[in-house]
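According to Swiss-Prot, the features are:
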BINDING   30-33, LYS51, 87-91, GLY415, 479-481, ASP495  ATP binding site
Amino acid sequence: MAAKQVLFADEARVRIVRGVNVLANAVKTTLGPKGRNVVLERSFGAPTVTKDGVSVAKEIELKDKFENIGAQLVKDVASKTSDNAGDGTTTATVLAQAVVQEGLKYVAAGFNPIDLKRGIDKAVAAAVEELKKLSKPVTTSKEIAQVGSISANSDASIGQIIADAMDKVGKEGVITVEDGKSLENELDVVEGMQFDRGYLSPYFINSPEKQVAALDDPYVLIYDKKVSNIRDLLPVLEQVAKSSRPLLIIAEDVEGEALATLVVNNIRGILKTTAVKAPGFGDRRKAMLEDIAILTGGTVISEETGMSLEKATLQDLGQAKRIEVAKENTTIIDGAGDGKSIEARVKQIRAQIEEATSDYDREKLQERVAKLAGGVAVIRVGAATEVEMKEKKARVEDALHATRAAVEEGVVPGGGVALLRAKQAITGLKGDTADQNAGIKLILRAVEEPLRTIVTNAGDEASVVVNTVLNGKGNYGYNAATGEYGDLVEQGVLDPTKVTRTALQNAASVASLLLTAEAAVVELMENKPAAAPAMPGGMGGMGGMDF
């Protein structure tokens, strides 16, 4: 076991906070409509230019191990916020830095860190309740467009295309983002279906950037039992291999020898396959497999109907234009099913909805109708260069997450105003001890920080703007894009409630844990001798292998 270095109390905290500041200062430059870009070096290919907080955070790894602890903790704030709300990563980072910096002053002054944490938790709970009161539901397409625009760094065209996509496939519909072929953003609605089952092995992934297995013009084998013996599959695999087309296998499960053989064939490029578990359970699984069969023009291979896997032919398989299999879901785009059969199936399910007695059954049946009839909206992002396209695509994906969050929990005034208005719920709050009161006071100062950062990035005086906004009421705030004060909701400056709430909760959670740390342990760096020069020409017998 390697030797460790241990630092205690202030000595540890100061080093850790230095790391917090390095990461937060890099991320916070991107906040607001006048936030700047950050350029990220890549080992291969062109650098990436981004305004996405979590993308910047993920790239930062510090040499000093104690500083790196701080950086990694704040990175965790950004990642968790991105996972839960899909946006608000920069706001979360700014809040975490503010809580840590303010908290450190109190700890240095002799306040008890545990009581400080309790005060912080009380203040955050009160602020979250106030945010819920401020929240208003998103009802119109215009509001959806406004939320999307703000999240995409005030790009109105991105907000509009997301609103159009939601109009076409519904707020619960499936929307995917792809690379475009022109300079303009385009929206296509493709007949398709998505279900919540992903690939059975990561070795099926053939698009590492998106972490998906993408199959173009595939066959679809639908089977209602487990597949564990590869011999059962061989006849149909041979037929598919002759056609030189990929294959998606949807079964109750694919395991053991069968899965291993499919993976090996896939890696070697002999037959491009992906296997997923069938969606749903029990009778619902049977019904969903039937839906997929009708959508793709195939047949469910089931012993109940007298069919067996060994005797399956290409005529029994479904087909689609494209299928994308991610870790947790599968999207079938443009299935080859007959339009009239799909219509009849939708009619049949709608009749079942009328007869359904439980809300749960009704909801599940409505989901099936949406999947069969709704389709998939594809936003194709256009740009002049690949670097610009990557940056723009990341913004579109962020905006899409933000609009979904807005539909889920509603919106609050943007531009850091909602957090300032939440101060009124914290102001009258009292803790059990003086130290808890200090924790509450700390949050009162920290919630100003997002607005201060937005204003600083816009080149204005932060303290003046914060005081002016605090003297106003309701939606009154500062629009950094125009440099004017006014009703931010009317001006379309909106933030999803879920994003603001998640950012505050995650920031306070990680930052207060950091304040209560009294020791830090890291591995000592070993002074290793310089590595020997590489052998010329590569190692024998390794020709043709990629590393």
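Residue positions begin at 1 at the first shown residue.
Even glycines carry a Cβ here, placed using N, Cα and C.
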Secondary structure at GLY88 (ATP binding site), reduced by DSSP to three states: coil
Binding-site residues compared (THR30, THR90) - the one with the fewest other Cβ atoms within 10 Å: THR30
CB contacts for GLY415 (ATP binding site) [other CB atoms within 10 A, all chains]: 27
Least buried by Cβ count (within 10 Å) of the binding-site residues GLY32, GLY88: GLY32
